[in-house]
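K.L.:
Right, I'll just put the structure down here and ask away after.
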């Protein structure tokens, strides 16, 4: 477009800015449009060409379907692997927890048995001491009675 095709008309002038209107002159009939108004005519397709296009489309559909099925199979395989790993980790955790609990129970049992053995030993020592005191008392008592008379 040439600059003669455009007219600028000032509307307002303010401190905040300027308002104006652009007036475009109508196109001259001599100028050629830059793009065609209608799409180019398509050539008539033969039966063979139509058949080839249909076969190519069918091949693309089959290829796409095969790709989708492959992706689904890979996804299922991944899900199986994840599930198997989770089950294995759960089993390992259960096994470790059971071993830990068993070890703790054995330690408690040994501790309890050691405490019981210590109590029995103290009771035996006490009984032995009581028996010694009784013997000492019996051996002293007859002597004390004769001396008192």
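Note that Cβ sites are derived from N, Cα and C of the backbone, with glycine treated the same way.
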K.L.:
Which residue among 63, 139 does Swiss-Prot mark as phosphoserine?
P.N.:
63
K.L.:
Can you say which of 12-57, 104-149 is given as region 'Disordered' in Swiss-Prot?
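P.N.:
Here Swiss-Prot associates region 'Disordered' with the stretch 104-149.
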K.L.:
Using C-alpha atoms, which one of the modified residues 38, 63, 100 comes nearest to residue 119 (N6-acetyllysine)?
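P.N.:
The answer is 100.
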K.L.:
Specify the secondary structure state of residue 9 (N6-acetyllysine) as given by DSSP, simplified to three classes.
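P.N.:
Strand, per DSSP.
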